[in-house]
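Here TrEMBL flags 323-334 as compositional bias 'Pro residues'. The region 'Disordered' feature in TrEMBL is assigned to 306-353. Under the heading transmembrane segment, TrEMBL lists 6-27, 87-107, 119-140, 146-167, 188-206, 218-240, 451-472.
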Amino acid sequence: MAVLHQYDYIFALTVIFACLDAWNIGANDVANSFGTSVSSRSLTMKQAMFVAAVCEFSGSVSVGSRVADTIRTKIVDPHHYDSSPGVLLLVMMCTIMSSSLFLTFATRQGLPVSTTHSLIGGLVGAATASIGITKINWGWHGVSQIFAAWIIAPLIAGCMGFVLFMFTKKFILTKQTAVRRAFYSIPFYTYLTVGALTMLLVWKGIHTINLSTRDIVISVFATATGMTLLQIFFLLPFLWTRIMHEDWTLKWYHVFQGPLLLWRSPPPPTPAGFTKPHIRDYYQGHLTREELNHLRTSETLLQSIQTPDGQLPDLDRDDEWILPPPAQTPPKTPPGRFEPRPSSEFIPPRPDGSWNSPKVMAWKVNRVLLRGLEKDVVAMQKRNNILNWDLEDMHARSAHYDNRAEYMYSALQILTAATASFVHGANDVSNAVAPFTTAYQVWSSGEIPEFVAIPIWILVVGGACIVSWFLYGACECNHCAYGDEAVFTRVYYAVHYGSYGGCWVGEWGLEMY
């Protein structure tokens, strides 16, 4: 039963904005985990969102409480408010409100901001206004440690991403036997990814059992070894048959046959009129440097013979300028740019039928509740946006590798993205539930407790709000090998430094190659 009934309206606002904050965390940050998988075409948008929903919720509930304790108690000592618990309740409301409103604006504009930065800034500002700036814990075990993590994170993740991708590029992707080398490297990356996830679970996720260092090490190595052996036993024979034998009759459920696929008879010739399925082209629509230069030269030549009104000149008339004089020179526009189109053009059109027909009603539900899932985010990368000014040139500069080698890494990229999503749920749910937990304890008891165990129902609510996103953000354009390394570096950093309000960066070092 609540004690501070006079502040029910403050607590009600805290609940509303905490849910809004968690919702925006999911909408803004989930692309960090699965943006590489979607833009490299390893997963469709709907597939990525389904996997992300499961992983985000699982991470939020199973590991979220450890991280929340850092943000809840180590920035501002709650006992500064012992004489006025109602003020602490107000501070938590202001913290969540400021963070959620800023994230709403950033998410609506498609800005890739840090949700942790937003929460920390709101908390420091609200606490400064209530008790003064000198009462903030600026020491190494408080704000300074979190600030340092924001600097250390890009360095560690960038360096790891650079090393991993350079290793993959030099010894695998650029070799004539790139497909075979990629095939043999899959267990190595799987072992690292599963080991990192297991370390997170047994090191930070188990609260009721005290495990020794020896038990943790055994658990990590045993789980990573077991999962890698399962992959070698089932997935690798499937990939070998699919890629090396070009077996067009292979179905997804044949993966359970394991090594028996290696003795599978050669595929028969394709029937007349049957289109043989091909591996997805991960570079579809991405021009090489030579192709892009040729295209832009042609566009520039076409623009040079146009009249100022943008129309081709009428050669039968002598009173028109074929080339405009200097005073009539039209404003230059960047070559190869795409005109902005409204986001509605990327969403499937309204089906035929009356307004109450099942197809139209289903379309309306998708339009309102699942709007983000219906967007063609790969096509949206070509929109005129300040965040992707010359995306075509960026794609043209990127090296193109054997498409079959890229396909080898597609399953591994999905695994690393799912792991990153799990870790993201464990870390970022704290941004919403940590201030809310403090507000709930103060409102319900009227006291500032020495220690607060975050109830499981709060983690469940926070996780549910995180996976209830309407994704409006844009995704990155990557290929499978690049995306795998980028996401793995994020996983490693979040596992080791997530309790400091970890930062999600992985591509910086990869851009250096």
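A Cβ is built for glycine as well, from the same backbone N, Cα and C atoms used for every other residue.
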In terms of Cβ proximity under 8 Å, which residues at least six beyond the ends of the transmembrane segment (6-27) contact it?
56, 86, 89-90, 92-93, 96-97, 99-101, 103-104, 106-107, 115, 119, 372, 428-429, 431-433, 435-436, 439-440, 443, 461-462, 465-473
Where else in the chain does the transmembrane segment (218-240) make close Cβ contacts, counting only residues six or more beyond its ends and a cut-off under 8 Å?
183, 186-187, 190-192, 194-195, 198-199, 202, 211, 250, 254-262, 407-408, 411
So what's near the transmembrane segment (87-107) in sequence-distant terms, Cβ-Cβ under 8 Å and 6+ beyond its ends?
4, 7, 10-11, 13-14, 17-18, 20-21, 24-25, 27-28, 76, 78, 81, 113, 115, 118-119, 121-123, 125-127, 129-130, 431-432, 435-436, 438-439, 442-443, 448, 472-473
